[in-house]
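> Take this structure, written in structure tokens, and hold onto it; I'll ask about it next.
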Amino acid sequence: ARSPTCPSLRMKFENILEEIDGCGWFQVLIVTLLCIPRVILPFHFLLNNFIAAVPSHHCDLSALDDGNIFGNLTQEQRLTVSIPVQEDGTPSSCKMFPEPQLHILSNSNNSDLATVPCQNGWAYDNSTFKSTMATEWDLVCDRKGMNKATATIFFVGVMIGAIAFGTLTDKFGRKPMLLVSYTISMVFGFASAFSNSYTMFGVMRFFTGFGLTGISIISTVLSVEWVDIKHRALIGITGSMAWSFGNMMLAGIAYQVNDWRMLMIAVSAPLGLAIITWWWLPESARWLIANGKVERAHLYLEKCARFNNRKDFTSKIKLEHLSDVVGMDNHNKTYSYLDLVRTPKMRRLALLTGIVWYGVASTYYGISLNITGFGLNVYLTHFIYSAIEVPAKMVVYFCLNTIGRKHCQAGTLLLTGTCIAINIFVPKGQWHVRTIVAVLGKGLSEASFTTVILYTAELYPTVVRQNGLGYSNFMARLGVSIAPLIILLEDVWKPLPEVIICFVSILSGLVAFLLPETHNARLPETIEDIEQTKKSQGNTNSQTSITN
């Protein structure tokens, strides 16, 4: 008889997936339905590239033309006599002469003339953007930090949401909290478009980010928990591809809708479709079993078997058999983030994944939120940065199944850091070379992000998997929220942001080598699966569990 206290003799959930087909039409339906919200995620996560864009601008000169001083001067001549020239020969964006210097028209030297900050606001070039937050609320010059801060505020919301949804999803289930995420994201996404002040917009964006992080982490876990071992990488890459296609779509949507308020509405509206498709999603059978809800789990498993044409499931897997699946001893226990650090190997795992996630996210967004300076317009640069992710993910899929998760994670981070380091030394004038290296680095950074999402879901046990991803996402968003502020350090020393991001990328890549390999390993169900030492590890296949 199977012993109720011996985990090694218990039925594993993977055994059940083998009986019902762990990658059949049922799984295809789940992944397809979850691809819809994953397409929407980059619409908001990288939206600041467009709604917070700063077009070319200079001080408003209308006050200087008192008494028709400018006379018949052309626009270029008006700028010449009113705006000082910077070291690179371009008109200053933040300074002006206190009064028109008409003599400059005959003597071009204006380096010794007194200047003052813009006195009457700014005039903006509206040829690319009809309006942005920067142009509406004059978030330029001394206030440009406020413009960058809007991205930070959004990602702080994402960071707090990761902690909240990590706890709530492990307690109340994947499916109910996914609906909560959809609803919060859509309501506050629309509300952001009608903000009448900077403060109101910041609050709305905070809660939009709070809701969106639930979509990000729950959709990943729900997909992985329904799929068998050999198809986990495929499902992970498929979900990640949805992000890339959404990212490319964002460039096109932003090009067509160049008013920032209408763009907010355009990228939030598709969440309505996600809410409709939510009704067809199943709850995670793993989570139901781990929490003692065996009857509901059996119903979903029967539905999966029928979908996948495995009609003999009921005769093979009885209701009472599910009680033998690892994790049932603890179904009355409530897990929290403290369980990530109570035991030695879980503590080590949390520390290492936190560092890696911080490095992956800060690197990816440090590159993605800085898309100027390559000689291309912002829409084309964003599209190219997005398009390179597709071949990068195809390569990652091959690498995940050949060299494994650990080496793929470490390798992509180290190579990303290398690309950033190369661009530090490439002269600004060689923008063709800089663009190629930057695009390659962007592809590698996305490859590292794709890997870490799947890798982390495989590392943490079912009972705290959502907590583990919530904590990891918190660390990631901590890095992301700081990334826009790091970019401001270019005012201190131009290459400083690249130096910092390069260092973080390489350091996190080295840390990734310390993580255990999960390729062809069963998902751990309990904390004991992580902590127990497999004496026979060298003589058995790693599919028994993930251990350190």
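Glycine is treated like the rest: Cβ placed from N, Cα and C.
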> For which of the residue intervals 24-42, 176-194 does TrEMBL record transmembrane segment?
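Per TrEMBL, the stretch marked transmembrane segment is 176-194.
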> Could you check whether the transmembrane segment (260-281) packs against the transmembrane segment (234-254) - three or more CB pairs closer than 8 Å, residues at least 6 apart in sequence?
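Answer yes: the transmembrane segment (260-281) meets the transmembrane segment (234-254) with 3 or more Cβ pairs below 8 Å.
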> Can the transmembrane segment (469-489) be said to touch the transmembrane segment (495-515) if we require at least 3 CB pairs below 8 Å and skip pairs under 6 apart in sequence?
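Checked: the transmembrane segment (469-489) vs the transmembrane segment (495-515), in contact.
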> Does the transmembrane segment (149-169) come near the transmembrane segment (234-254), with 3+ Cβ pairs under 8 Å (pairs 6 or more apart)?
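Per Cβ check, the transmembrane segment (149-169) does not touch the transmembrane segment (234-254).
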